[in-house]
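**Q** Pulled from TrEMBL, these are the listed features:
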DOMAIN    A:262-356  domain 'Fibronectin type-III'
DOMAIN    A:361-457  domain 'Fibronectin type-III'
DOMAIN    A:553-665  domain 'Fibronectin type-III'
TRANSMEM  A:669-690  transmembrane segment
REGION    A:883-909  region 'Disordered'
COMPBIAS  A:892-903  compositional bias 'Low complexity'
Amino acid sequence: MVFEIQISRFKASDVIWTGNYSTTVTQNQVLHWSWESELPLECAIHFVRMRTMVDDARIPVPRFWSNWSSWKKADAQNSLGDHPLYVFPKDKLVEEGSDVTICYISRNHQDNISCYLEDVLTFGKQLDQSVWAFELKNISFLRKTGTNFYCQGQGVPEGVVLFVSKVLEEPKNFSCETRDLKTLTCTWDPGDDTGLIQLPSYTLFESFSRKKTLCKHRNRCDWQVTQDSQEMYNFTLVAENYFRKRSVSILFNLIHGVHPVAPYNLFPKNVSATNATMTWKVHSIGNNSALLCQLQLLGEGKVIQQHNISIRVNGEYLLSELEPDTEYMARVRCAYADHFWKWSELISQNFTTAEAAPSEAPDVWRDVMFVSGHPTVTLFWKPLSKVHTHGKILFYNVVVENLDEASSLEVLSVPAPANSTKVTLNQSSYQIHVTAHNSVGPSPASTVAISGHPGNENVEEGRINGTEDGFPMSWKPQSRNATGYVVEWCDGPQNLPCVLQWKNLGPTTTGTVISSGAFRPGVRYNFRIYEISTKRMAHLLEKKTGYLEELAPSYNPQVVPNNLTSHSFTLSWKDYPTESQTGFIQGYYVYLKSKAGEKCHRGFEKTVLPDNSVCCKYTIDNPDQKTFVMKDLQPESVYEFFVTPYTSAGEGPMDDFRKVTTPDEYSHILIHIILPMIFCVLVIMIACYLKSQWLKDKCYPDIPDPYKSSVLSLIKSKENPHITIMNVNDCVPDAIEVVNKPEGSKIQFTGTRKSPTETKGTKPAYLDLLPTEKNYSGPGPCICFENFTYNQAASDLGYCGHFPVTSQAPHCPLGPLTSPENLLKTLEQNYMNSLGEIPAGEANLNYVSQLASPVSGDKESPPTNPPEPALCSEYKMQMAIPLGLASPPPSENSSLSSTTLLDPGEHYH
Amino acid sequence: MDLRAGDSWGMLACLCTVLWQVPAVPALNRTGDPGPGPSIQKTYDLTRYLEHQLRSLAGTYLNYLGPPFNEPDFNPPRLGVETLPKATVNLEVWRSLNDKLRLTQNYEAYSHLLCYLRGLNRQAATAELRRSLAHFCTSLQGLLGSIAGVMAALGYPLPQPLPGTEPTWAPGPAHSDFLQKMDDFWLLKELQTWLWRSAKDFNRLKKKMQPPATAVTLHLEARGF
């Protein structure tokens, strides 16, 4: 039968849908047919009618439709309450991406109702006076608690919750396995969660046995293997939710899907230094089926041995070729032997092999220092590698064997982990043997030989350049019998304590590359290459020095300017250490700036500094030259200089220029002439001061004071108390008596100076000091000195001695008689003689008064110049000359003259 | 204020008299039982703590419900038929309540709210939200016990639940999911109002149970003296 069905909405005449429904009918059968409206039925009255027609091949055409049935009304609004607002559909479940129509029925037509999807105002279509519909397209999942749609007028809001489900995915990676041939476990990846509280269901169906089971988990399902020895299984997994049904199938052979359970009780047994037996157990599968087990041995995380063993219940395997004192991990896993499909999970067990004696001699090197002629040897050794220690090294034995004394052995035990020891030796030859000991025994010995005398250290040092790999170096063998070579160096910079490093090389090696993680650019490293003789003696072969990478100097020298002149100065930086720089110093740059001119001096070249200033630069290409003379400078000019070293990597940092101002040209005269003069004057003054007494004695000795004479006191006390000293005031010289006046001679006192040549040849004249009445002009203001040398007797007698005066007399009279001592002696003698013994007429002392006025010596001629008082203050050295000596008859040639002949303006002191 | 020598002597005499009478002041003479004061204070503190805790929980839960429930200005009119105990009450009515009635209403309200809250806990989908709700329920249970303690200290009997009126959480089909969300919204809102009202109630009770102010003043003066 075919049924044609019509559905109309709101009014019967508004047909919205027409469709056919065909089915085979029997008598009295009740048919069910359903139609889903996109608009919730609560929002509109629906009408339905149908007609039918026989659709059977047995009934011949023409066939006719029956009449339409009457319209049947479906009115859900009748069941609503009296709420003013209703929103439908209530709590609808929809799939993500589908379209939904929501409607509301408002009983209050005056109410202005707004509808919102979540918080977004939504506009709908009015279907009826009180019904509005909202079509939501391609709806998406927001949250598990659903998407809210609500409408609100004046009253309480009314709404619905749309529960949106994500599309159910097809299960992926569906597979089954068994661990014990009793239970099957099928697993799959369910994909993304649908996002609903209601989870999809998963059902496992097996087509051969036609059994099915509802899975308890969304990604796994267990299936009990029946005892009917079914091997093949055809599983279908069906995932189902409200909207969709997804299924996936596999054909599964039970034997091909055995995944054994992990083995257990894995233990090491009989562990020695090189062997160990591992034992383990497995869970039986089926009727004690055979299992293939894989035993792996791991050292330091890597698989070093792997063995496959076929077992049923208990496993056992002997692991050999193990290293002593080494921690290993043994692990085992098993698979079904009849058909390999999957390994079981691993189980593992750690064990450590027993110790053995170290297998290799320690690498030993030495550093020899000669203290007071005795070698002090510091022995260094490298710790043995883990491969060779075979246990924990407990101590090192150092055996010192004196080769010159056969029975001399010294044994030192150095506890680990020390890696050096110091031994002081005599000037003999020694062999030193070093062995490392663990709890089992010693290692083979390492031997070094020490000579009692320092070797040849005078080896020229060569330069090497470092590369990225290290320091490549080569050497020339000295002897053919070398047993090897050793390169030693210090890992740290020169100013740090040396961490001695060395590298042993074979006898056929003549070159190597020394590399170390400690090497740094800009540090100078020194290498010494030794040749090892057959007697294990080391001879220095070569020295090398170099940088891994030369850097520009890190600092500049402290330059001192000196020898500053008006045209030059000298720069000096002798304290700058070239050895400890960050590269080989190749020379220095001298920068010079002058304000005077822009032209550079000879040898300088113009250069532009980083600050764009222009200056002159001089290159010193000798690193040992640490002075520089700046020449041809302008006086009184300011020069700025700066010295920086340079290496192959560049020059030192730019520092500030230092200023030097050249002095003016004449300043050196001050230094070279005036200062020495001042010095000389000072020396003379000091000499004069020191020799002043001597000068005084020579040039103007003190006039003896008769009153202070010791002789006087002697005389007074012993001889004659009446003897007094003549007072000069008592002696009034009023006349000059010419004792021996040669005829024709005439001394003229013109008051003018006469030169000695003029007076030369004049006869000796005697001046009479006795006063004459004629010429006496009364006591003048003359100062008369009391002179002990006066002969009082003579004075008393009015006799004044005469003194032959030569023209040279005013100068310091030299000779034994004129010395004060001799004079005094003579005087004393004369004086003693004069005490009554000497006749008056024999007075032999002539006196020339030093206060005598330059009066005319000629008795006959009146004095042209009377004595002037001013002249009396002049002091003339008095002289007492023994008569015997003074009285030889003056010859014609004797040039004597009286001091009174002196010009008053000319004094002799 | 002008004090004369005579006044000073008078004040001293007065103070001595007061000190003599201090042991007789009941509020200062409590040596053993501290009374309901501390437990009222604790109840008040717990109320304030729950207020704070609910602010955080409500934020998370309303976000879980989605808009419009998590919007701050969403304040719909309440449905006519209510099962939740209403905290809002006329001010005059509230003032006229005695201590016993106040405490009884608090106790009954929280008993109901706690039951609804446990239903909320069962519905929550996320584990974190369930943990937060469970913690809040435990705290609210503590508040209920604390109110019972205060009532016992004051000698008030606990209200007996009438048979058949025990609130039950029933996710009935008659209730649409939107209305259920609305109920959850109102539950949290009502809980907030009740906690606010309780804080006010316990504060009032706390002040009422405190000793008279004059006695305290005298006590302080006595200590200072």
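Backbone N, Cα and C atoms are what each Cβ position is placed from, and that goes for glycine too.
All TrEMBL annotations are machine predictions without curation.
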**Q** Using DSSP, what is the helix/strand/coil residue split across the domain 'Fibronectin type-III' (A:553-665)?
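**A** Helix (H, G, I), strand (E, B), coil: 0 helix, 46 strand, 67 coil.
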**Q** Over the domain 'Fibronectin type-III' (A:262-356), work out the mean pLDDT and round it to an integer.
**A** 92
**Q** How does the domain 'Fibronectin type-III' (A:361-457) divide up by DSSP, counting helix, then strand, then coil residues?
**A** 4 helix, 52 strand, 41 coil
**Q** Could you give me three numbers for the domain 'Fibronectin type-III' (A:262-356), the DSSP helix, strand and coil residue counts?
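**A** Reading the DSSP string over the domain 'Fibronectin type-III' (A:262-356) gives 0 helix, 53 strand, 42 coil.
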